[in-house]
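Report on the following structure.
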Amino acid sequence: MRQASSVSSGGYYKDSPESGAWFSLQDLDRTEAYWKRVCKADEMQDKEKKKDENSSKSDRVTLKKEIGLLSACAIIIGNIIGSGIFISPKGVLEHAGSVGLSLIVWVCGGGICALGSLCYAELGVTIPKSGGDYSYVTEIFGGLVGFLLLWSAVLIMYPTTLAVIALTFSNYVLQPAFQNCLPPFIATRLLATICILFLTWVNCSSVRWATRIQDVFTVGKLLALVLIIVVGLIQISRGHYDALRPSVAFEFSEDPSVGQIALAFLQASFAYSGWNFLNYVTEEVVEPRKNLPRAIYVSIPLVTLVYTMTNIAYFSSMTPEELLASNAVAVTFGEKLLGMFSWVMPISVALSTFGGINGYLFTSSRLCFSGAREGHLPYLLAMIHLKNCTPIPALLLCCIATIVILCIGETHNLINYVSFINYLSYGVTIAGLLYLRKKRPNLARPIKVNMLVPITYMIFWAVLLGFSLYSEPVVCGLGMVIMLTGVPVYFVGVQWKEKPKWVYRLLVTYMGQKLCYVVFPQEDTSETEPLTKCYQLRECHCELFQGA
């Protein structure tokens, strides 16, 4: 920087006492004008360069940033509101033992999801990588822990959830045709498989198509739940709220145990699962540091309000005994209150679950993509289509795994396994946030939540899992076994580097590339902001003056 200068009577000044160089004010004016012209020309060049970069982005083979704030909210809401709100009320009421306690479980479940989502918002902008829990745990705790989460998710968690949602979709679509009996086993499986195949094709074809479907069906499912809520409020205004009176709502057939309450929370957690799914597609979100937390702040309170009001609406028209006896809560609700328009309810639920399937396929395929990119899954799964820029191999894996689960048989018994593994992965991830705060306190964190938020979540998490293990040791034990089967797979598949050539041939990467027309994505460094040339030129200018 220029030091205080000495000015002569002739309008000249000396740049520094040590320097013998004298400059006129006219020289300075011309110099400043020159650098202004240089900077203006340089800015124009930068604009042209940015235009060229933007025009070349469409040609770059990489995941496209096409998820804005609206689509981000739609992904969270669409993944949470799937089949859970139409399946879990029965399980929550059964374990809670009373209407009042079940409503408390629904409200507290949303509050716990809000705490968890705040922690995930911090992790999402601190470690801005797609893959969600898996990417964060791998970054913080290393490959083995991350692989175990990935293994359990790919093997059981997401295929089972997709299968349950697809079966709910087919059951509700076929319900009007089989009013007096259950739909045939083969028919429900066949329709669920067709739905999975169709949405896999959509997701393989275009990210834009998939997000548009998610936007439209998210609005549709919210309207369906709003219909239930409005009808329920009308019932309450007419005085039909006997089951909601405090004297009746907290009547227990038997004293509730802490273990049963924990299982009620596990059932509710299945309905709330998906609140962290936007973190799986962080690299496709436009301005993730702004839109990721904003989408969370909008979506989680909205879903909690809708879920609570929906359950209140159910109890305005059904007794607890009727709700426990119903296999399709929303259909029973519609039959009692909508009369000749009762067909609206199964169609609305089917549309809701259709959007849920699309959201789960979209996000779970990105988890496979992230795992393969880290070397924890075959490299073929880390490739994207040359023209559509979609992870076709990862989508096909999710599709095939879901169809296999559908063919096995009854999937509803697996909800408790899925819920347990879900909660386990949430706790490990948020424990990673606390560990990262201690090990790297100076790490840049655009969002930094109060320490009470992750600590409160971890206390609830530990109590819930502890009592779940006590109440259902077989279910939770099998969940742990499923996860731990990944340990030998990790050491053989990931740690063992010098495998025989025939092992690599089995992975059929080359054949898969030709079949799916996929390649490794190119790195997108367009968001990096280097120093501009104008700034560099000004630095050189200052150095020249100082050296004069």
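In case you wondered, yes, glycine gets a Cβ from its N, Cα and C as well.
Sequence annotations record features per position, and here TrEMBL assigns region 'Disordered' to 1-20.
Taking Cβ pairs closer than 8 Å, the transmembrane segment (67-87) reaches residues 164-165, 168-169, 172, 211, 214-215, 217-219, 221-222, 225, 270-275, 277-278, 281, 284-286, 291-292, 294-296, 298-300, 302-303, 306-307, 310, 328-330, 349, 352-353, 355-360, 362-363, 412, 415 in its own chain, all 6 or more past its ends. Taken from TrEMBL, the feature transmembrane segment applies to 67-87 (among others).
For 99-120 (among others), the entry in TrEMBL reads transmembrane segment. With a cut-off of 8 Å between Cβ atoms, the residues of this chain six or more beyond the transmembrane segment (99-120) that come close are 89, 92-93, 132, 243-244, 246, 248-250, 252, 256, 261, 264-265, 268-269, 271-272, 275-276, 279, 296, 300-301, 303-305, 307-308, 311-312, 315, 320, 426, 429-430, 433, 449, 453-454, 456-457, 460.
Residues annotated as transmembrane segment in TrEMBL: 141-166 (among others).
Per TrEMBL, the feature transmembrane segment maps to 186-204 (among others).
According to TrEMBL, the feature transmembrane segment maps to 216-237 (among others).
Taken from TrEMBL, the feature transmembrane segment applies to 257-275 (among others). Distant neighbours of the transmembrane segment (257-275): 76, 79-80, 82, 84-85, 87-88, 91-92, 94-97, 101-102, 105-106, 108-110, 112-113, 116-117, 161, 296, 299-300, 303, 307, 356, 359-360, 415-416, 418-420, 422-423, 463-464, 467-468, 470-472; these residues of the same chain sit at least 6 beyond its ends, with a Cβ under 8 Å from one of its Cβ atoms.
As annotated by TrEMBL, transmembrane segment applies to 296-317 (among others). Sequence-remote contacts of a segment are chain residues at least 6 beyond its ends whose Cβ falls under 8 Å from one of its Cβ atoms, and for the transmembrane segment (296-317) they are 73, 76-77, 80-81, 85, 89, 99, 102-103, 106-107, 109-111, 113-114, 117-118, 120-121, 222, 225-226, 228-229, 231-233, 235-236, 240-241, 243-244, 271-272, 275, 278, 323, 329, 333, 336-337.
Taken from TrEMBL, the feature transmembrane segment covers 337-363 (among others).
Under the heading transmembrane segment, TrEMBL lists 392-411 (among others).
If you look at the transmembrane segment (417-437), the same-chain residues 6 or more away from its ends with a CB under 8 A from one of its CBs are 116, 119-120, 122-123, 126, 133, 136-137, 140-141, 145, 149, 152-153, 156-157, 160-161, 266-267, 269-270, 273, 276, 443, 451, 454-455, 457-458, 461-462, 464-465, 468, 475-476, 478-479, 482-483. Per TrEMBL, the feature transmembrane segment maps to 417-437 (among others).
Residues or ranges marked as transmembrane segment in TrEMBL: 449-471 (among others).
Taken from TrEMBL, the feature transmembrane segment covers 477-496 (among others).
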Below 8 angstroms Cβ to Cβ, which residues of this chain, lying six or more residues outside the transmembrane segment (216-237), approach it?
73-74, 77-78, 81, 85, 244, 306, 309-310, 312-314, 316-317, 330, 333, 337-338, 344-345, 348-349, 351-352, 354-356, 358
Count the Cβ pairs between the transmembrane segment (477-496) and the transmembrane segment (186-204) that lie under 8 angstroms and are 6 or more residues apart in sequence, then report whether there are at least 3.
no
Same-chain residues near the transmembrane segment (186-204), Cβ under 8 Å, at least 6 residues beyond its ends:
162-163, 166-167, 169-171, 173-174, 210, 213, 354, 357-358, 361-362, 365, 385, 388, 390, 392, 395-396, 398-399, 402-403, 406-407
